[in-house]
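Here the structure is laid out as structure tokens; the discussion comes afterwards.
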Amino acid sequence: MDKLVIKGGVPLSGELRVQGAKNAVLPILAATVLADGECVIHNAPRLRDVNKTDLVLTRLGCSVKREGNTIFVEPTAECACSICEELMREMRSSIIFLGAIISRCGRASVGMPGGCSIGLRPIDLHLKGLRALGVDITEERGYINCTAKRLRGADIHLDFPSVGATENIMLASVYADGETYISNAAREPEIADLAELLNRMGARISGAGTGLIKIEGVKKRLCGAEYTVMPDRIAAATYLAAAAATGGDLLLTGARPDHMEAMLHVLRDMGADVCAHGGSIRLKAPKRLRGIHTLRTMPYPGFPTDIQSPFMAAASLAEGTSVFTETIFENRFQHVDELVRMGADIKVVGRSAVVQGVKRLSGARIVARELRGGAALVIAALAAEGESEITGTEYIDRGYEEIERCISECGGIIKRVSE
Ligand code: EPZ
């Protein structure tokens with residue numbers, strides 16, 4: 001496996017174009033299963049998770065071709081309607097195909113997605129929504145088997161604004177008889193991106209991005225469409241945190257600051273000078289960041305859980321105390337031990353982590369155990385004194401496109417070494 005070797009202490013400065021959003025392109029690729037014709041998806045980031053999703057599409061009988069950051073997908077007539085458990089275990093977020101396969105084939109059989117290191121990741125809200133649409137679901141021998149003679153519109157209330165459940169219900173209801181309403185829907189921008197593509201394909205979805213989404217079932221089969229994926233707000237904020245932690249001066253282009261309000265406010269509260277204009281965000285770091293007092297992860301538009309660990313890495317060197325409370329996932333502090341190994345002063349108490357800022361971190365051999373925690377270790381290594389070696393790069397590569405190129409282009413000293 002690879003490792004990243006980073007020499008810390010160099011401010012991250014320069015200009016960086018924001019990659020396409022991982023959490024938008026995955027459901028968007030699932031939606032292409034519904035098209036009677038070719039979909040052309042631009043700004044698709046080159047990531048392990050996207051490669052795995054391309055594999056799922058291929059296994060479902062679609063022809064998939066990638067040219068740079070554009071993916072061409074064309075379903076064939078005989079679309080398969082099952083995803084084996086090995087593939088589901090490899091990438092649990094393939095559960096997002098369930099709604100699309102049911103819409104296309106009237107049935108689906110997928111391996112149980114299981115949990116991952118950050119939490120159990122139940123799918124009860126997905127299944128509750130599908131049952132409300134008239135899907136019969138049995139769970140046996142590790143598979144979820146769905147059949148639907150007729151999909152009928154329904155009023156569905158989500159107990160929690162689940163991103164995946166919102167997306168699966170949208171995908172499953174595009175052809176349902178009548179109207180479907182999703183209340184307490186997730187409001188993440190990635191939902192609106194998915195709805196925009198589906199509407200271009202001929203679906204009739206309104207309210208995406210708000211807590212109440214309406215899907216009017218259509219009779220006409222959806223057609224192919226061309227679409228450009230939104231920028232990745234989490235990757236963007238990760239690089240801003242890296243610039244903030246290293247005393248840098250970074251200009252992001254191709255960003256959507258309106259998707260990042262909560263995160264930009266926190267960076268300003270920490271003392272960074274952040275200026276957003278059109279698709280650009282410029283961050284000038286202070287000599288030393290200030291602690292963030294208390295910070296709770298919340299569903300959008302609150303502070304995103306995905307940026308908790310990268311911001312904790314930056315807070316580790318801030319003046320004063322920062323208390324992070326993780327309300328979304330039950331095990332999202334795996335990066336803490338590794339940051340402590342570098343000299344951070346962090347204590348986990350239940351769902352909260354209390355960070356006492358220290359003056360310096362020291363480079364060390366550290367291990368990434370999940371995607372965003374791995375990004376946090378990269379930030380800490382860039383800000384630390386001396387050299388760090390980070391293993392577990394396969395997690396980081398799930399969500400950050402060419403991370404060593406991006407960091408090197410902004411002056412960071414980083415290289416990827418095959419172990
Ligand atoms: C999406 O996961 C993202 N992944 C996650 O990003 C992100 O952290 C999460 O939304 C929250 O914003 C993709 O979009 C591929 P949820 P998802 O359903 O859809 C509970 C990253 O690092 N829940 O909103 O799985 C669940 O246990 C990844 O890029 C149920 O209880 O998130 C969790 O506590 C990590 N029952 C909470 O809701 C359900 O049926 C949020 O889950 C579904 C979810």
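Any Cβ shown, glycine's included, is placed from N, Cα and C.
Among the features that TrEMBL reports, domain 'Enolpyruvate transferase' is placed at 7-405. The average pLDDT computed over the domain 'Enolpyruvate transferase' (7-405) stands at 97.
In the three-state DSSP scheme, N23 (phosphoenolpyruvate binding site) falls into the helix class. Spatially close to N23 (phosphoenolpyruvate binding site) yet at least six residues away along the chain are V163, E188, E190, D232, I234, judged by Cβ distances under 8 angstroms. Annotated phosphoenolpyruvate binding site per TrEMBL: K22, N23, in sequence order.
Per TrEMBL, the feature UDP-N-acetyl-alpha-D-glucosamine binding site maps to R92, R121, P122, I123, D124, L125, D306, I328. The number of other Cβ atoms within 10 Å of the Cβ belonging to I328 (UDP-N-acetyl-alpha-D-glucosamine binding site), over all protein chains shown, comes to 18. The secondary structure of I328 (UDP-N-acetyl-alpha-D-glucosamine binding site), as reduced to three states from DSSP, is coil rather than helix or strand.
The 2-(S-cysteinyl)pyruvic acid O-phosphothioketal annotation in TrEMBL covers C116. In three-state terms derived from DSSP, C116 (2-(S-cysteinyl)pyruvic acid O-phosphothioketal) belongs to an extended strand segment. Counting only same-chain residues at least 6 apart in sequence, those with a Cβ under 8 Å from the Cβ of C116 (2-(S-cysteinyl)pyruvic acid O-phosphothioketal) are R92, E370.
Annotated active site, proton donor per TrEMBL: C116, in sequence order.
You'll find the Cα of D124 (UDP-N-acetyl-alpha-D-glucosamine binding site) roughly 23 Å from the Cα of K22 (phosphoenolpyruvate binding site). Residues D306, I328, taken from the binding-site residues R92, D306, I328, are distinguished by a CB atom under 6 angstroms from ligand 1. I328 (UDP-N-acetyl-alpha-D-glucosamine binding site) and K22 (phosphoenolpyruvate binding site) have their C-alpha atoms 19 Å apart, to the nearest angstrom. According to DSSP, L125 (UDP-N-acetyl-alpha-D-glucosamine binding site) is assigned to a helical segment.
Of all Cα pairs drawn from R92, R121, P122, I123, D124, L125, D306, I328, which the record names as binding UDP-N-acetyl-alpha-D-glucosamine, the longest spans 22 Å.
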